[in-house]
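Student: Sharing a structure below in structure tokens format, with a few things to ask.
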Amino acid sequence: MALKYPGGKEYRGNRLNAARQPMAADYANRGMTLEEDLNATNEYYRERGIAVVYKKPTPVQIVRVDYPKRSAAVIKEAYFRQASTTDYNGVYRGKYIDFEAKETKNKTAFPLKNFHAHQIRHMEQVMAHGGICFAILRFSVLNETYLLDAFHLIARWNEQEAGGRKSIPKREIEQYGHYIPLGYQPRIDYISVVEKVYFTV
């Protein structure tokens, strides 16, 4: 199926190939993508009344569908209706939370090309209205996941826009971000980090 942006440009997503090699570090979580881990984590939070967080659906306009059989419709062409914002949003302890989740195979830095200008602007707007906003970043080869406050991400994005570095060094993410250990249930307990960073005085 061909997905296209409103201007007609073809979408080539930055999702990892489904046939990728499994992660080597943790046998229980081997082969899971960041999105799958977060979806399972958010389901765990909802079932236990900890937080209500969902992945936002991407609005798509279906243009052409083939019907070889009535029960086997195949979408052949579709367009994104509008640029999406961030991946996840919800409520924790009465506060709105909004975040983007990205992963990279790079071991030493996180490429800023994984983000888009409209996502950064959205994060700025969420912060301006008092929401909690951050990015969950995974170094998939190292099987390490971090929570980085949107303030640091936006600062790096603005530096890049002014001609600066096009990635965030891993050592900087380790310094300003917060490591999220992988577990069984929940898989990525980012709410524990949110509690420490945004609610503990």
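Each residue, glycine too, has its Cβ placed from N, Cα and C.
Below are the features I grabbed from Swiss-Prot:
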type	residues	note
BINDING	T85, D87, E100, Q119	Mg(2+) binding site
SITE	K102	site 'Transition state stabilizer'
Student: Using a 10 angstroms cut-off on Cβ to Cβ distances, just flag whichever of D87, E100 is the loneliest among these binding-site residues.
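Tutor: Ranked by other Cβ atoms within 10 Å, the binding-site residues D87, E100 bottom out at D87.
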Student: I want the residues beyond T85, D87, E100, Q119 whose C-beta is within 8 angstroms of the mean position of the Mg(2+) site's C-beta atoms, in chain order.
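Tutor: Not counting the recorded site residues, we get K56, S84, T86, Y88, D98, F99, F115, H122, M123.
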Student: From the Cα of K102 (site 'Transition state stabilizer') across to the Cα of Q119 (Mg(2+) binding site), what is the distance in angstrom?
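Tutor: It is 12 Å, counting Cα to Cα.
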Student: Going by DSSP, give the three-state secondary structure for Q119 (Mg(2+) binding site).
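Tutor: In three-state terms, Q119 (Mg(2+) binding site) counts as helix.
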